[in-house]
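Student: According to Swiss-Prot:
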- 1-22: topological domain 'Cytoplasmic' (TOPO_DOM)
- 46-531: topological domain 'Lumenal' (TOPO_DOM)
- 50-164: region 'Disordered' (REGION)
- 53-69: compositional bias 'Gly residues' (COMPBIAS)
- 123-139: compositional bias 'Polar residues' (COMPBIAS)
- 146-155: compositional bias 'Low complexity' (COMPBIAS)
- SER244: active site, nucleophile (ACT_SITE)
- ASN271: N-linked glycosylation site (CARBOHYD)
- ASN283: N-linked glycosylation site (CARBOHYD)
- ASN422: N-linked glycosylation site (CARBOHYD)
- ASN455: N-linked glycosylation site (CARBOHYD)
- 492-495: motif 'DXXH motif' (MOTIF)
- HIS495: active site, proton acceptor (ACT_SITE)
Amino acid sequence: MRIPRRKGGAGPLVGAPSRRAQVAAVFALALLLGVSVLYDSAHIAASLRRHGVGGGGSSGGGGGGGGDGARAYTNTKLSATTEEAEAEAAEVRSPPAQGVESAVEATDRGEAPPEQPVAADSGASSAETPPSLLEQVTETPPPSPSSSSAAAAAAEAQVGGDHGGESCDVYKGRWVYDEANAPLYKESACEFLTEQVTCMRNGRRDDDYQKWRWQPDGCDLPRFDAKLLLEKLRNKRLMFVGDSLNRNQWESMVCLVQSEAPWEKKSLVKNDSLNVFRLEEYNATIEFYWSPFLVESNSDDPNMHSIVDRIIKPTSIAKHAANWEGVDYLIFNTYIWWMNTPEMKILHGGSFSKKPVKYDEMERVAAYRKVLKTWSRWVEKHVDPKRSTVFFMSVSPVHMQSEGWGKPDAIKCFSETQPAINYTKKLEVGTDWDLFSTAHHVTKAMKRVPVHFINITALSEIRKDAHTSVNTLRQGKLLTKEQKANPRKFADCIHWCLPGLPDTWNEFIYGHIVSSPQRRPVEPIENQPQR
């Protein structure tokens, strides 16, 4: 997603001299001081930025275009490292010789006390020391728009339409500690959150992980307006499809909008693989469909899927896809369930229930590509681009390998309370960048149906502080005191606390939806077949 670049970085300078005059002033100053160094244009621009004259990027500015004292840290990296991380699970075993971490069950979690953060940098110089961790954003929250139409106009100006020139990549930026504007909702105010993600209720002692806001370089994300989004979703269906990270994001989206509906006008129904949150007043639904590999697999049971030997049918998608047809907004993901082994087991005829199950093995990246090709063919054939919008979420990183952010003696993400914001080296948290690249290439190659690739990976790698760690469930029960005392085995560094990081992912989705032109009228949900 690109939005118009914010002019002048931290805000316009009233009566500021022209660029030529500014450059001349720098040369004049150098001559007066007797400096006989020939500056090239890049050095001059850097000097101007350091002295606050003009400038395009905001270095350390808060949201909305400025704010001295805002803590801002950057990460724009899209490097490629292929260490393997634990797959969706509870027990982490010692890595096999291939360097792949193997994992078994399906859930564990954790907590976080302090430490000095580590900054990931984005190609800019990392010599400067970030501001004190206690600095906070001093700006006041932006005023609420007086109407949905005003908010829509503002969002259109930022995200949609013709950018008229230079635009801004919203996935390149920094995390800003913004106690005034974050979080977007309170954990205690959203009754639809599951115990898996309610970290504060489950015993986490700090809440700083809720107060970081993503600030793109040189532009701003539109402020989340639940009422505006629900107007866009009136008579429509929005569905997350994939694994438990997409379920994590679905819960976030439900909490972001649910306060706009009275209690008696909203409901949540769980029916096997499909969870449906309905807002009667808007005749809209926000849904989650469990399909961890998108295609058929032996892990498709939404409740009993703690399977070590995962087997897939890479060309069989129709059974799941029958539930996606006609949905107005589709948000797909698949990643963490691929990370158990370096090879995937492919069903060789027959069915998963027939014993013994016969299968072939395929290298993981090749199998992932085969599955995404099956998925993309279904999308191209069955999705009407005039009616529906498709998103694909990039890799949600795990934080199992603390040496990757400079703490070899730490235990995974346990006791992390701050993002990796001061780390001057490349983060190495075990992300499989080959799978990332495969998903990116497949989605970009699609012709008939455009797919929005939501690039959450690099910005999420910084957030080692935001996982559920030991403050979560294990096999449907909260961790015991004894289990919490054993974070090496029980800390969940896969899933995320809510409120938290997935709210930012949904802000990207929100930006696309509210800035897109209104789709043609569709048949109200009440007249569509009920799922």
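These residue numbers are counts, starting from 1, taken along the chain as shown.
Any Cβ shown, glycine's included, is placed from N, Cα and C.
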Student: Hey, how far is ASN422 (N-linked glycosylation site) from the residue listed as 'active site, nucleophile', Cα to Cα, in Å?
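Tutor: Pair distance, Cα basis, whole Å: 30 Å.
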Student: Within 10 Å of ASN271 (N-linked glycosylation site), Cα to Cα, which of the recorded positions SER244, ASN283, ASN455 are there?
Tutor: none
Student: Please report the distance from the Cα of the residue listed as 'active site, nucleophile' to the Cα of HIS495 (active site, proton acceptor), rounded to the nearest angstrom.
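Tutor: Roughly 8 Å, rounded to the nearest whole number.
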Student: For the motif 'DXXH motif' (492-495), how many residues does DSSP put in helix, in strand and in coil?
Tutor: 0 helix, 4 strand, 0 coil
Student: Identify, among the glycosylation sites ASN271, ASN422, ASN455, the residue whose Cβ has the fewest other Cβ atoms within 10 Å in this structure.
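Tutor: Among the glycosylation sites ASN271, ASN422, ASN455, the sparsest Cβ neighbourhood within 10 Å belongs to ASN271.
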Student: Please give the average pLDDT for the motif 'DXXH motif' (492-495) in this predicted model.
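Tutor: Taking every residue of the motif 'DXXH motif' (492-495) together, the mean pLDDT is 98.
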Student: How many other Cβ atoms sit within 10 Å of the Cβ of SER244 (active site, nucleophile)?
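Tutor: So the number of other Cβ atoms within 10 Å of SER244 (active site, nucleophile) is 23.
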Student: Which of the three DSSP states, helix, strand or coil, fits ASN271 (N-linked glycosylation site)?
Tutor: strand
Student: When you measure from the Cβ of ASN283 (N-linked glycosylation site), how many other Cβ atoms are you left with inside 10 Å?
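Tutor: A count of 15.
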Student: Express the distance between the Cα positions of ASN283 (N-linked glycosylation site) and ASN455 (N-linked glycosylation site) as a whole number of Å.
Tutor: 30
